[in-house]
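Student: This is the structure, below, for whatever I ask next.
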RNA sequence: GUGGGUGUAGCUCAGUUGGCUAGAGCACCAGAUUGUGGCUCUGGGGGCCGUGGGUUCGAGUCCCAUCAUCCACCCCA
């Protein structure tokens, strides 16, 4: 039995949790300003949901899922992402029969069996949004804008937005056939990975980083050159909307997302400083997904954002601004015979909503002062022989060192006036 | 799944060509005259030297394996 969290997982200890609270709060507030409501789906789902919803040729499904059998021999899988679950919930609860678009957000842990490295964990956390029931490119722009606004609110400036369109099944099929024809003669120049991509998902050969592959495919057309009239219009409307709203982006012909269900808009936001895993968020349109999962023919769009990566990017920022005094007052008991009395006072303070604590380890008076200081107390209440006899308390302000005596009956008011 | 780096106290690290009871700083605890914090000084607790083998009179130091961790590939958040 070793005390060690499993590989690729980690604890967020109490001293660090304020960072998480801060980004979670910012994220939720922003999503709600944009009109998105939280949805919580199960941490595990039927394995089949991910196989169909994510695509069984993807790396995620083919080699990264935590899949297990339950006691009734059902095959279940810890969610590797949350879009498939949202689609399932959308269908299961017949949301399409209500007001559309349905605008949802989620926040929670995801699981992928990957080799850990900077910004990549086996249990990691994503924030994401999904909007079902509109194909309006303004909605694509809204989603991108939401993602960027969160980054801005958190104080992150140095991000890059990459944008592309992967077309619809019709124009992509035309392009795919052309591309296969182009690549065919150069097959022997491709790396082993690209040879596999050539068979399964030839578009992905385009963003291979192996130099020999890049040489082999140099000059080949991109999907952009094959977009049909509708897809091209969708893409230019999106770009116009972004331009109108001063959102900078880079058109990236090589941005081809790994998940099978994407149509039209694809985007990624990178923060290069955080390492090789620099994609802090990414997403796109998935107009065929709801139908593919057995629902009505309803379009959708969404993105996901990695919270650990967000934290990495935020690490350079000043921590202090998020920290607060942990305690309003510390109750220092200078004489052991008043221990019982101190517990009663503590109870009153806490009932009055004052953040208060005391020593439980028999510290001396001096040590209690040190302890109060380390706990970040604004003030200390001194309780000893003198105070008990005169029915008062001594109140010390830890910042100003000022000390006053207050009648026992007025303790709560005095604390609020003197310290808070 | 592949490659490289690293594993010594809670944390950051020293530890000379293998050789006495394994060290420092920070952190923690206790003192520095009687009921008072941050600075300073003094003292103290705490180490299967990642784990398991091997070489040797002798291994923290060398060799092998294994695990973990970090970084990169891959993929992605």
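Start at 1 and count along the chain as shown; that gives each residue its number.
Positions of Cβ are set from backbone N, Cα and C atoms, glycine also.
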Student: Say TrEMBL lists A:81, A:82, A:83, A:126, A:130, A:257, A:261, A:262 as binding L-histidine: which of A:112, A:176, A:239 is in the same site, per that record?
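Tutor: Given A:81, A:82, A:83, A:126, A:130, A:257, A:261, A:262 bind L-histidine in TrEMBL, the matching entry from A:112, A:176, A:239 is A:112.
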Student: State which of the following binding-site residues has the fewest other Cβ atoms within 10 Å around its Cβ: A:83, A:126.
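Tutor: A:126, out of the binding-site residues A:83, A:126, has the fewest neighbouring Cβ atoms within 10 Å.
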Student: Kindly state the mean pLDDT of the domain 'Aminoacyl-transfer RNA synthetases class-II family profile' (A:1-314) in the predicted structure.
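Tutor: Its mean pLDDT is 91.
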